[in-house]
Ligand SMILES: Nc1ncnc2c1ncn2[C@@H]1O[C@H](COP(=O)(O)OP(=O)(O)OP(=O)(O)O)[C@@H](O)[C@H]1O
Ligand SMILES: [Mg+2]
């Protein structure tokens, strides 16, 4: 095989990592004293953990050439249910299982079933459910935050193992599980087949509807777990939590080289995509860029990162 | 792939091609297009190794060669899709190292690609004018001139015999043959001096092919140069004047078709003589229990497939012939559970296996090679290995083919096995299926279904785009499956193929079997007369 092909393959695997390194070098140069401190590196990972969790879920609908715009509301609703269950006296583990895990899977299933039964594009379905889930969150909370749940829960979730924060361990191990799932299991491989060509998959004996349902349930589950992380970090369930998070999740997935046309993408690159978002956020904060300007810079960086990736991919 | 000098199949072309050298004197017309010493490498693999080709006005030149010989690649160089690695292209006497798509189009070169390039979401009309919508001015504002479009489109489509076509329907909802005709019409909308047709008839039945040929003859009489690629030798003989042969990226002969027999042509392409007929040897026992029994299958709309019943016996290949739109593919979809039925049963060796969806069909051992490999056949983001392995993993896995780990080692072995058996031409089973030639993609799909060792096999146009050598290989496989007691059903629009392989021929029209003919005595004429017979 020629060198150009090898280069292309290498870029597929390590391209996102290169972009991350460029961004790290950039911020290290702009903030030589603070940015590279070990505490700050840990901080970056911690700040990225929720983005990574949601992006891991978002990866799957995009892999089948769909999208999930409801992840931000799923995060808020599952977080709210978990918090209310704890306030109502449920054991925190049980509350997390019902609210975060069960709630996330159920809301994802709602998306998946609607997509299957209406045959509409997931963009439309999840645009709708995004509003519905947010509305339900407001209704059950009376539009005000829920506080005062178990300290044990908050302490555990915001704690450390050694010097590594629990959410980071959680997000990375979950990513490892999903990586294994996509690379080694039949179900994972079949999802790529559905993403490549739904009709061929159907005629090959793959249950496309079942796979679509599973894809949205995974997305819901990840957003639900992110909801749990989020209420622990804030110490409260905010009805407006996660607003606009879908943008970051989609950005992380796309920066991670996942194709919008379906069938192409890798979990590790999505994790790095999430880290890129987190690093940019962190770096801009350190440089004391005002919030509104941060938005502008963030948007510009997202576009440049993806443009760079595609440019290099095309040069092979 | 390099030619091995010690290849036993290598034959001496000199005694086969009397016209290759010397001032024979017949080729006095100056060529519009000359391709000289064209070379092309993909990832350092040489695909074309110094090919020469002349295209002359008023002549139909046929380009012959096995799957992967480089025919499509050569044509894509002519139209500017690929850049050649070496050689020159002479257009009207002016030499170019390469042509851009624009130069090709300005020189009047128009191409019908092997893989359909119509856009499924657009209407026929929009497809015909895509990229060059005619504009008129209304109150000084430019608007699309739909009326002009419609008149122009009608006239060209009418000449191709589809006058009644609904031009406003999305192309994706039309049968593949109609899409092909739109593709052809598209290439004729411009001022054409050189028309390149890369397997234009692969999804047409004989009736549409005849109409196309009438048009080609007319163009030829007007002085258009036509380059025609096809694996169907009868057609080649009917429409072609001269030919050249490509083998492994090298020109290995050219001449006037009339000077050669079909066997000669096949020998030049394949290096050996291939077997032509594959009917069952000995007689078929039609008194004992049939392998497959299909009872009263009706499609959900009760129109496209109406109350179809038939039997397939041990050792028998049942063919389905009919015109485009007669409902053969709809019937196959109903059998496989890919389309909803209003009723009907499918009985395999006495057991009811009627599938409700393709998952059940695959699990009960049915295989279905669909007619449109790009749309319903292959998975474009997968390698050869992945494409072959997916179906087998569905069949083997419990619970709707979903759970469990991928066994890479076993899957590689299966894919390698199919690659060897079908002699799929590729760099390796890790190559993307998109990089294969059309015929080799088809072989991958045959391999994908062979890998599940099916008991019922539906082949819908199994040899579409497959070269003569590989075709006889696939026919041999079909025969072997029937001999092994599998139920084999073959749909084909190519009547010679039906006659070569099928022991019985069910002729389909308007969603029903009009008549079932004996394969040994049927002729193209007898099949066609039933296919066009009136009656409800
Ligand atoms: N984009 C590509 N990248 C790598 N290899 C390619 C590419 N396109 C074609 N090839 C290789 O070039 C060779 C010639 O392919 P081509 O499509 O020209 O064959 P063909 O003669 O048209 O065959 P067929 O009769 O099957 O259509 C094949 O071996 C194919 O795998
Ligand atoms: Mg070709």
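Heads up, the Cβ atoms here are built off N, Cα and C, so glycines get one too.
As annotated by TrEMBL, transmembrane segment applies to A:12-35 (among others).
The transmembrane segment feature in TrEMBL is assigned to A:41-64 (among others).
Taken from TrEMBL, the feature transmembrane segment covers A:71-90 (among others). If you look at the transmembrane segment (A:71-90), the same-chain residues 6 or more away from its ends with a CB under 8 A from one of its CBs are 50, 54, 57-58, 96, 98-100, 103-104, 107-108, 129-134, 136-137, 140-141, 146, 148-150, 153, 219-220, 222-224, 226-228, 230-231, 236-246, 249.
Residues annotated as transmembrane segment in TrEMBL: A:96-119 (among others). Sequence-distant contacts of the transmembrane segment (A:96-119) (same chain, at least 6 residues past either end, Cβ-Cβ under 8 Å): 66, 68, 70, 74, 77-85, 90, 125-126, 129, 133, 153, 209, 212-225, 227-228.
Taken from TrEMBL, the feature transmembrane segment covers A:131-151 (among others).
Taken from TrEMBL, the feature transmembrane segment covers A:157-181 (among others).
Here TrEMBL flags A:213-233 (among others) as transmembrane segment. Remote same-chain partners of the transmembrane segment (A:213-233), defined as residues 6 or more beyond its termini with a Cβ less than 8 Å from a stretch Cβ, comprise 49-50, 53-54, 56-58, 60-61, 63-64, 66, 68, 70-72, 74-80, 82-83, 96, 99-109, 111-113, 115-116, 122, 149, 153-154, 156-158, 167, 170-171, 174, 178, 187, 191, 241-242.
Positions annotated as transmembrane segment by TrEMBL: A:245-263 (among others).
Among the features that TrEMBL reports, transmembrane segment is placed at A:270-287 (among others).
TrEMBL lists A:293-313 (among others) with the feature transmembrane segment. Counting residues 6+ beyond its ends, the transmembrane segment (A:293-313) has Cβ neighbours under 8 Å at 8, 11-12, 15-16, 19, 23, 251, 254-255, 257, 276-277, 280-281, 284-285 in the same chain.
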Against which stretches of its own chain does the transmembrane segment (A:12-35) lie, if we need a Cβ under 8 Å and a gap of at least six residues from its ends?
255-257, 266, 269, 272-273, 275-276, 279-280, 282-283, 286-287, 301, 305, 308-309, 312-313
So which of A:41-64, A:131-151, A:245-263, A:270-287 has the most C-beta pairs under 8 Å when paired with the transmembrane segment (A:157-181)?
A:41-64
Using Cβ atoms and a strict cutoff of less than 8 Å, what residues sit near the transmembrane segment (A:131-151) while being 6 or more residues removed from its termini?
70, 72-74, 76-77, 80-81, 83-84, 86-87, 92, 107, 231, 235-239, 243
